[in-house]
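Student: Dumping the structure here so I can ask a few things about it.
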Amino acid sequence: MTATLNTVQDLEASVLAGTAITRDEALSLIDAPLDELSAAADRIRAQMCGDGFDMCSIINAKSGRCPENCTFCAQSIRYPTISVDSYPLITADELVRQAQENKDKGVIRFSIVTSGRKLRRDEVRHICEGVRRIKQEVGIEVCISAGLLSAEDFQALHDAGISRVHCNLETSRAYFPSICISHTFDDKIATLQAARDEGMSLCSGGILGLGESMEDRIDMALSARELGVNSFPVNVLVAIEGTPLAGTEQLRPEEVQRCVAIFRFILPQAAIRLAGGRELLGDDGKACFQSGANSAISGDMLTTTGTTIASDMALVKDLGYTVTLDHSHS
């Protein structure tokens, strides 16, 4: 494909034919008519992924007192004016209880999220115990988001029954030092590669509204494509008082919708997953679910309130989706 094929229709046809969109081609979509762009992204989603909708929920299994300095996060100890619940790892019984509660509501993927740079080895063993019980007693897909874990950690977690690892890139490689300097973009990449090498599927996306450019957002998605991510979460910044990003101007819903549509061109087969901040869009993400997004994190987030699982189930059904695991869930 040549760079002259830069219309929405030409790029749609190229993506559907199996050609990977280039960076310049993705950049050309920034100024495309939104309605045309969204409709094309939805057609790509329908042809490449079908009408399945992957609904997951998360549990804040260890909260607060994180030593890292991510500028958007309320759980960092670097920002002492923020009041956030802090507690150690919850019990295996509580993990099982919450997994069952979410499964009963129709959720098909349950992610265990912990604060901190990474889990200690004894904490990994504790999580493994809970996961084995969840797989035996509940029967639900289990994911983990536990920081910069090692290959040895991933082997133990995979053996226990965890199928997917989440570790957000957050933004582009170029912009990453603007939001965090206590760890690096390459630390993230190494973590995801270690999980992939262990045979686990990858969930990695980022946050819109950190002050990044559209080019940064596209570069983030291209990095995710290079990693072969199966799920690409799209968060919208909830600017929390007390963090360095407090007072940041909120993105317009149309800008988020445009980003989601462009992400679908870049990641035609991934589950593009609306995540934190969806309540800021005004329609709980409906326009984005018609612009290439085909999955969501439902319920409350880590330190912010989300949409209800029941309302999400009704919304995606009305849009013609069927709740099911994304096609690349292994």
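Even glycines carry a Cβ here, placed using N, Cα and C.
Keep in mind that what you see is a predicted model, and the values were worked out from it rather than measured.
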Student: Swiss-Prot has S111, C203, R273 down as binding [2Fe-2S] cluster; which of C70, C73, C143, C167 does it also list for that site?
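Tutor: Checking C70, C73, C143, C167 against Swiss-Prot: the [2Fe-2S] cluster site match is C143.
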Student: Averaged over the domain 'Radical SAM core' (48-278), what pLDDT does the predicted model reach?
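Tutor: Its mean pLDDT is 95.
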Student: Setting S111, C143, C203, R273 aside, what same-chain residues sit with their Cβ within 8 Å of the center of the Cβ atoms that define the [2Fe-2S] cluster site, listed in sequence order?
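Tutor: Here the nearby residues are C56, I58, R109, S145, R164, H166, S231, P233, I297.
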Student: Which residues in the same chain, at least 6 apart in sequence, have a Cβ under 8 Å from the Cβ of C143 ([2Fe-2S] cluster binding site)?
Tutor: C56, R109, F110, S111, I112, I162, S163, R164, V165, H166, C203
Student: To the nearest whole angstrom, what is the C-alpha distance linking R273 ([2Fe-2S] cluster binding site) and C73 ([4Fe-4S] cluster binding site)?
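Tutor: For R273 ([2Fe-2S] cluster binding site) versus C73 ([4Fe-4S] cluster binding site), the Cα atoms are 20 Å apart.
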